[in-house]
Amino acid sequence: MVIAIDGPAASGKGTLARRLAQHYGLPHLDTGLLYRAVALALLDAERDLRDEAAAEAAARTLRAESLGDARLRERAMGEAASLVSALPAVRAALLDWQRRFAAAPGGAVLDGRDIGTVVCPDAPVKLFITASPEERAHRRHRELGGRGEPVAFEAVLADIVRRDARDADRAAAPLRVADDAVVIDTTALDAEAAFRAAAAVVEARWPGRG
């Protein structure tokens, strides 16, 4: 059983994906970390984030251990990853990586921007998690504050809006709702309510897994 979860930044898809993976005993991949890791490799090498050849090389040599680097969670890496993820060669280089993960015996949970549309188009469970830009900005603002990264709410909202536009408008694998995905708007939902809504979808497609 592959559970494909897509959605914009700070929609709650990562929290939900981790909870579903834990509940159903499946491995989980936050595919956004792959793009953050590529961006970090470029920054460490003092290369331009728009250098497609260098970014592709970094993507093709990416090691799973690099996904544990604490720097990947920093706010600046989100913007850097958004730039790198717009490069077609990088998306192509990481596609096999993601598909191999999804092919794990028993299934997997993957979350990102193009899981249900490109990476796992045949996934039996596809969820698209969204929320209003303002609510997503509030969540990210609280998260950053909790990590000791104080930043103005207006700056966080502007970053969310900018990343939404870039994700939706890029030529390679733009963010969109898969035709057979179930949309869950978490604007007014807490994490538990979002989990219950998602689990109901999973169990309708995967009977007996409560």
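Cβ from N, Cα, C; glycine included.
SER11 (ATP binding site) falls outside any helix or strand according to DSSP and counts as coil. If you look up Swiss-Prot, you'll see GLY7, PRO8, ALA9, ALA10, SER11, GLY12, LYS13, GLY14, THR15 marked as ATP binding site, on the strength of sequence analysis.
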Neighbours of the ATP site GLY7, PRO8, ALA9, ALA10, SER11, GLY12, LYS13, GLY14, THR15: Cβ within 8 Å of the Cβ centroid, same chain, sequence order.
LEU16, ASP111, ILE129, ALA131, ARG136, THR186
